[in-house]
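Database features, via TrEMBL:
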- 27-105: domain 'Manganese/iron superoxide dismutase N-terminal' (DOMAIN)
- His50, His98, Asp184, His188: Mn(2+) binding site (BINDING)
- 114-215: domain 'Manganese/iron superoxide dismutase C-terminal' (DOMAIN)
Amino acid sequence: MLRAQASRLARPALLFARDMASATQLNLPDLPYDYGALEPVIIGEIMELHHKKHHQAYVNGANTALEQYQEAQHKGDVSKMIALQPALKFNGGGHLNHSMFWQMLCPPKEYEPPAGALEQAIEAEFGALEALQKQFNAKAAGVQGSGWCWLAFNSEVKNLVIATTANQDPLQPTTGLIPVLGVDVWEHAYYLQYKNVRPDYLKKIWEVVNWKECGRRYQEAIGK
């Protein structure tokens with residue numbers, strides 16, 4: 001169910017709204033671990049606030065926008081439908097991005113480095129995991145304001161790339177980029193623990209990256 005929702009939400013806002021016109025309400029997914037499971041990298045207080053408050057707000061906002069969109073669609077109010085696009089994109093993207101983000105993390109005790117096809121792709125494109133981390137962190141640290149940094153498979157040229165998106169914008173399949181790993185660089189993801197020093201957060205988060213999940217996403221991407 002969650003992957004089906006994510007597939008719809010990853011499309012441009014207008015297509016998303018069209019496809020969701022008769023959809024049931026979105027729901028906040030459970031985390032695959034306890035709130036404190038990522039400590040000491042991310043403290044439990046951050047995870048609980050991030051999940052229960054911030055992600056829930058995106059779910060609520062998306063459901064409200066969808067309800068209003070469905071009503072406008074029923075009435076044939078095209079102006080209202082167009083006006084709802086930013087809310088659908090922001091809240092729908094927030095739900096999609098966070099639903100993936102939770103799966104892309106794991107407790108430190110379960111950490112395993114990249115393996116198989118993904119390890120080979122990282123080495124081919126970046127030389128080594130450490131080089132990927134350095135380039136990724138530089139891009140992520142440079143995001144102005146709030147946004148996300150991604151390791152993505154470029155389905156057009158068949159290689160891994162690092163990309164950023166602003167606010168809650170999701171990666172769009174229309175660009176050919178398929179998310180393999182995403183890191184939230186909104187301040188609510190780290191401020192209680194790392195204050196305003198985003199590079200410290202970025203340095204530590206690699207200790208809780210769920211490379212098994214990233215590898216699964218990569219295999220799925222190259223199989224398309």
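Using the three backbone atoms N, Cα and C, a Cβ is placed for every residue, glycine included.
Ranking the binding-site residues His50, His98, His188 by other CB atoms within 10 A of the CB puts His188 at the bottom. According to DSSP, the domain 'Manganese/iron superoxide dismutase N-terminal' (27-105) comprises 61 helix, 1 strand, 17 coil. The Cβ of Asp184 (Mn(2+) binding site) lies under 8 Å from the Cβ of His50, Asn97, His98, Phe101, Trp148, each of these being in the same chain and 6 or more residues away along the sequence. Neighbouring residues of the recorded Mn(2+) site, listed in sequence order and excluding His50, His98, Asp184, His188, comprise His51, His54, His55, Phe101, Trp186, Ala189 (Cβ within 8 Å of the Cβ centroid). In the domain 'Manganese/iron superoxide dismutase C-terminal' (114-215), helix, strand and coil residues by DSSP number 50 helix, 25 strand, 27 coil.
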